[in-house]
């Protein structure tokens, strides 16, 4: 029976550290501030924003939630971003997806000032990540690395198989793992014989957004399984991309959903807000 | 016996296309211009620059070779780059490595104006590559894709194993392969059981700079082997990272060294010079 790796526990530890750093910033009259933009009324986006807001508030981070109507044009959204880019109060800007079909998220994300790009999605941020330079990092990928570090799971020389090649998880995670000398395979919807690949993984990371997709046959005994998915199953219950019960019977360690990467991603996001505030304070004072 | 994939042949075909594009630019009074900087007197760098110069000259591309003494400081080199950034005649800037130990190539490369960054090594260029946006691309990675396209080797659903994780070959090549739906594994000096991984490859790309390192035991029959290395063996002969004779007996297809990725990289570099000149001509006129 696999050990369950609690993301909640790691998030709590991180929260304690963050409170101290926020206290120091407050002594300099700086209150870290995150602005989240939601366009339309996607329920999951609003729920996620609520969770950000509560956690931010508990930590002492200011939070601006900007909700725009479904009819918002790309031009109008760009204007809101420009204003937030200029706003000296705002440290970090998050643009929640999904956006309305008429708006191209790729175009939009490139308009966020790289220093305020808390999702680490600007070309500048992504390039710095692959070049090994400091910068804002995609927070889900960071959360996964934090979990591994917390549980002292070294990735050097390990074969990590990542299922999913998104710009917020799969690809940036590969960069972070390579920095720590993991051998990395990136698999995805076009991958042939997926199970024969995933069964070779020392560490298996799944981020594909398909409820309970990874069953026991995909997992080698001794594998460490990281489940990044958050889906609802037919009964409305929140489940991951991994069929938890059957995989837990095979794997060595596994993250649950909920209580795994999710809460740690929110905390990693807020840590990045604090990092940006610290960087701005150091460089410019305020 | 494996089919030999000739990079020289692909380079010749590309040269013919480039000559037409250069002709069109010349009608607009634009002569594409590459400036290459060499610091110190590394023999291999000078030889490579000579090859660039000859090929550029044959095509009708202007070529400036700037050689600086081994004693050049980072500050002095930065000043040369600033001047080239400003120079309206210069389309593209290439900084040859190795640089003297006192100069950090990472710092230097970030000072090249992204539009003139012909090696695609600026954070902006690397980020755009991973984000799927247009921009300057690392030319060796491009050369590999060109060879695969020329020989109509589809990578979709194929498992490509890349040995070597450099910023000019391994990592950017992974990005280009993922765009075309390959499953990608990145292995390197820390990889355990390398042969058991490489033997799974449908396509094996080797870029590690170790003469004749990949022997027959690393290769599965039917594999397509791309050798990116250029080394000298004990007798002074130019050889690749792959032990050509024994691997040719096993593989389905293989690139030779010399005559493989090398000449195609030079031509891909010059194509990127032409692309930059075309982009500048389109955007600004001159």
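Quick reminder: no glycine exception, Cβ is built from N, Cα and C everywhere.
Please treat TrEMBL annotations as automatic predictions, because they have not gone through curation.
Look at TrEMBL and you will find A:164, A:165, A:166, A:230 tagged as NADP(+) binding site. As annotated by TrEMBL, domain 'Tetrahydrofolate dehydrogenase/cyclohydrolase catalytic' applies to A:5-119. Taken from TrEMBL, the feature domain 'Tetrahydrofolate dehydrogenase/cyclohydrolase NAD(P)-binding' applies to A:138-280.
Features per TrEMBL, on structure.
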{"residue": "A:164", "record": "NADP(+) binding site", "Cβ contacts under 8 Å, 6 or more apart": "A:170, A:187, A:188, A:205, A:206, A:207, A:208, A:209, A:228"}
{"residue": "A:165", "record": "NADP(+) binding site", "Cβ contacts under 8 Å, 6 or more apart": "A:171, A:186, A:188"}
{"residue": "A:166", "record": "NADP(+) binding site", "Cβ contacts under 8 Å, 6 or more apart": "A:207"}
{"residue": "A:230", "record": "NADP(+) binding site", "Cβ contacts under 8 Å, 6 or more apart": "A:238, A:240, A:257, A:258, A:262"}
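In terms of DSSP helix, strand and coil, the domain 'Tetrahydrofolate dehydrogenase/cyclohydrolase catalytic' (A:5-119) has 59 helix, 19 strand, 37 coil. Residue pairs drawn from A:164, A:165, A:166, A:230, the listed NADP(+) binders, are separated by up to 16 Å at the Cα level. Filtering the binding-site residues A:164, A:165, A:166, A:230 for a Cβ under 8 angstroms from any Cβ of chain B leaves A:165, in order along the sequence. The DSSP breakdown of the domain 'Tetrahydrofolate dehydrogenase/cyclohydrolase NAD(P)-binding' (A:138-280), given as helix, strand and coil counts, is 55 helix, 26 strand, 62 coil. Per-residue confidence over the domain 'Tetrahydrofolate dehydrogenase/cyclohydrolase catalytic' (A:5-119) averages out at a pLDDT of 95.
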